[in-house]
Amino acid sequence: MLAVQQPTEVPSPLSVPSNAPEHCPGTESELAGKSAACAGCANQEICASNTPKGPDPALPFIRERMSTVKRKILVLSGKGGVGKSTFTAQLGWAFAADEDVQTGIMDVDICGPSIPTILGIASEQVHSSSSGWSPVYVQDNLGVMSVGFMLPSSRDAIMWRGPKKNGLISQFLKDVDWGTLDYLLVDTPPGTSDEHLSIVQYLKESGIDGAVVITTPQEVALQDVRREIDFCRKVGIRVLGVVENMAGFVCPGCKTESQIFKPSTGGAKKLAEDMGLELLGSVPLDPRIGKSADYGVSFLDEYPDSPATTAYLNIIDRIKEILGDA
Amino acid sequence: MASQETPVSRRLKLIKHVIIVCSGKGGVGKSSVSAQLALSLHASSPTARVGILDVDLTGPSIPRMLGLAGHGVHQSSEGWVPVYADGAEARLACMSVGFLLKKKDDSVVWRGPKKNAMIRQFLSDVRWGELDYLVIDTPPGTSDEHLSLLEHMALVHDRLSAVIVTTPQAVALMDAMKCLSFTRTVSLPVLGIIENMSGYVCPCCGEISNVFSTGGGEDMARRENVPFLGSLPVDTELVTLLDAAEGAEGKDEKNSAQPNESAERSFRLLARYQRTSSADLMKPIVDVIMGTLPLVESSAQQP
């Protein structure tokens, strides 16, 4: 006889609890359990109770789920739009190029998930099974999880405050059936706030192998990246190195290289020196990188001759070397 | 209940228009557009009074862009004194968490509730005075900061409006769409969409390369029936200007108290900004914004 097991339900991020009254203020609201609409709701007591919570009950489950994941790498940057998601995707594709290497990508940018588009799987959905939510597979050995798969339409905005975002991140770690992985890459949103603190807190026990910090050459980006490195030091995450993106642009007309984002303060090289970190490499700005991301194809496979591909591959080799996996 | 006053509404009573600059995506140029908007509004009339509030708490860029890095905020009996970018003239007030940090590289590692409290203080405790425009620069996303802003300014909702900044790539447009959905959900009138980084002119041969593709912002505006304000190409001159704007670092912290020197420096920033090609492109955008603001707001008052 087959045992009937209860699948873990995939939540709809836009809804309030299914049994909530009509004007439910939302379980994360300050009025939860206290507003007029809450009178008579079955969950009122839970919402209204302010009892301090003990250690997160999810932690043991996360530890168990993560015990089959060999390496966990964060991709960070204080600044937005410097190419975190693009780099994460290339890194994922490069790892997965080896058929025997199992790779996972987890997108914790809840308000602006780009990973599904960049990997060309934007219209996929998450399925649930008895062993948890099944990631979306780009290829046999590259599984992806992102909030983008859970929205009815890509137009929908997720307007969540911190605690709700943290809840979803914990579920990504606890309820997703990652299986046995050689690498789990975590793509983060810009800044140093809830998402970053949560991922670090949840993975503390299982251990984070390191963080790759992405930047662009101009000072306005570098100052945010310095803050991100300061954050890594505060929470005790090893920084594997710094990647400089969008460095130099070769005009397709006259082949002259010019600096769109001028390294007025010495760029990533100076930053790495000042902070005592390794500069893993500089990737030139190639408009085809952005195009590939828009169309959801692998830049490394599409344009193997581009100088940017060489730069990417060198960086990825260096990361493997630092991790001792080369 | 609606007429109840809060410290925020009391403080914002003398502010005529609040423009929130947002975009779902990071690094598309919200801060530089905010800075340009503030500078252009400032230059629009010799008496225009403009404020710029940076609520990107974990990545404040405005102080550096306006050449105010290293300044501190002073307390007065009437609240925090904003840093004036134009010194003695005091027509361009600026406030950012960057002014509160002891060291500029310190990271601000805060969860939502703390960010919420900081934003409330920025709105209620800063002595903005009388302003024609308050430009608010936001972080990427649609989360704590955005919800807090709208929550705290609920009583002055009829004076709020938004400008959405995007770049032409599909990835950025998708996030901009989310941002637009957000403004609709919270019924925040949108003044229009600005497409940034639309093309790059090679300094060597003058050929225009669409580094991040082109036209996407305009298409989106048409599709969603939102005004399209204009495109701004990548302007390396502007990048350099906003990047290298001289800060007061290393100098005496009381620099802001020496109006002459500060005024002169900021005058230079404005003068240099007005020589960039972006300033010329920004002018019609600002004219449109100034023209539509009263219309948008009067329609917002009639529910």
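Cβ atoms are placed via backbone N, Cα and C, with glycine included.
All protein chains included, B:GLY29 (ATP binding site) registers 25 other Cβ atoms within 10 Å of its own Cβ. The ATP binding site feature in TrEMBL is assigned to B:GLY24, B:LYS25, B:GLY26, B:GLY27, B:VAL28, B:GLY29, B:LYS30, B:SER31.
TrEMBL lists B:CYS202, B:CYS205 with the feature [4Fe-4S] cluster binding site. In the three-state DSSP scheme, B:CYS205 ([4Fe-4S] cluster binding site) falls into the coil class.
Proximity to chain A (CB-CB distance below 8 Å) holds for B:GLY24, B:GLY26, B:VAL28 among the binding-site residues B:GLY24, B:GLY26, B:VAL28, B:LYS30. Long-range Cβ neighbours of B:LYS25 (ATP binding site) (same chain, at least 6 residues apart, Cβ-Cβ under 8 Å): B:PRO140, B:THR166, B:THR167, B:VAL171, B:ALA172, B:ASP175, B:ALA176.
For the pair formed by B:CYS205 ([4Fe-4S] cluster binding site) and B:VAL28 (ATP binding site), distance between Cα atoms is given as 26 Å, rounded to the nearest Å. Put simply, B:CYS202 ([4Fe-4S] cluster binding site) is 24 Å from B:SER31 (ATP binding site) when counted between their Cα atoms. Neighbour counts of Cβ atoms within 10 Å were compared across the binding-site residues B:VAL28, B:CYS202, B:CYS205; the minimum falls on B:CYS205. Rounded to a whole number, the distance between the Cα atoms of B:CYS202 ([4Fe-4S] cluster binding site) and B:GLY24 (ATP binding site) is 29 Å.
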